[in-house]
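Novice: What follows is a single structure, and I will ask about it in a moment.
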Amino acid sequence: MKKVVAIDGPSGAGKSTVSKEIAKALGFQYLDTGALYRAVAYYFSIKFNYIDDFSLLTEQEIEEELKNIKIHYKNGRVFLSGEDVSDFIRDPKIGEITSQLSTQKVVRDFLMPLQRSFAEKVDIVAEGRDMTTVVFPDAWKKFYLDASPQVRAKRRFEQLIQSGKKISFEEALRDVIERDKRDCSRENAPLRLSKDAFYIDTSELTLQEVISIVLKKVAEDA
């Protein structure tokens with residue numbers, strides 16, 4: 001396995017932006033594992049006509065559908081059966097479906113080999129919910145980015161408004177709290193702080209400050 005910088009944390013903690021910049025600074029490839037889960041969710045949303053509750057599907061039904069999914073990830077873009085779905089998977093509705101499906105063990109088992117395969121070829125910065133604990137437990141460097149629910153909701157609210165989506169701050173906060181509950185309480189690979197991960201609370205830090213802290217820590221322990 002090549003060098004892996006694994007970054008975990010809840011939704012809205014700044015993982016994606018920080019991870020991209022860290023990868024750029026180190027000359028590593030960036031792996032957005034959340035995009036892989038979103039691609040699966042996008043497939044299921046189309047297949048089942050955007051049903052609201054995917055818990056209605058049995059594990060066997062999900063497993064059968066996974067056999068039809070072919071995901072390719074390159075340069076930050078996600079392809080589903082050859083189609084670039086990178087923009088479609090960012091829809092808030094897909095995010096909700098992703099949060100539901102990611103609790104399923106069959107989905108996590110399906111994506112595990114794909115995620116790990118990237119580290120066999122190149123040095124990577126991998127961000128997600130279980131990078132430091134499950135996918136890359138022996139990662140070269142481990143970080144956990146966090147922030148208060150209010151701060152994360154504000155970031156999500158501003159991001160969605162800028163992208164043209166209509167949402168209130170209260171809705172954004174409720175979504176963050178619900179995601180936290182699902183991520184931390186799920187039976188399979190719950191979100192948790194790895195004992196050997198470096199913890200960073202980004203609530204009152206600028207993006208550049210977070211990046212500087214991560215790069216300094218990487219340099220110190222290199």
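Keep in mind that glycine also has a Cβ here, set from the backbone N, Cα and C atoms.
Feature list, courtesy of Swiss-Prot:
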type	residues	note
BINDING	Gly9, Pro10, Ser11, Gly12, Ala13, Gly14, Lys15, Ser16, Thr17	ATP binding site
Novice: Of Ser11, Thr17, which of the binding-site residues has the most Cβ neighbours inside 10 Å?
Specialist: Ser11
Novice: If one looks at the chain holding Ala13 (ATP binding site), which residues at least 6 apart in sequence have a CB under 8 angstroms from its CB?
Specialist: Leu145, Asp146, Ala147, Arg152, Thr202
Novice: What count of other C-beta atoms do you get within 10 angstroms of the C-beta of Gly9 (ATP binding site), across all chains shown?
Specialist: 27
Novice: In which DSSP state, out of helix, strand and coil, do we find Thr17 (ATP binding site)?
Specialist: helix
Novice: Around the ATP site recorded as Gly9, Pro10, Ser11, Gly12, Ala13, Gly14, Lys15, Ser16, Thr17, what other same-chain residues have a C-beta within 8 angstroms of the site's C-beta center?
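Specialist: Close Cβ neighbours, site residues excluded: Val18, Glu127, Leu145, Ala147, Arg152, Thr202.
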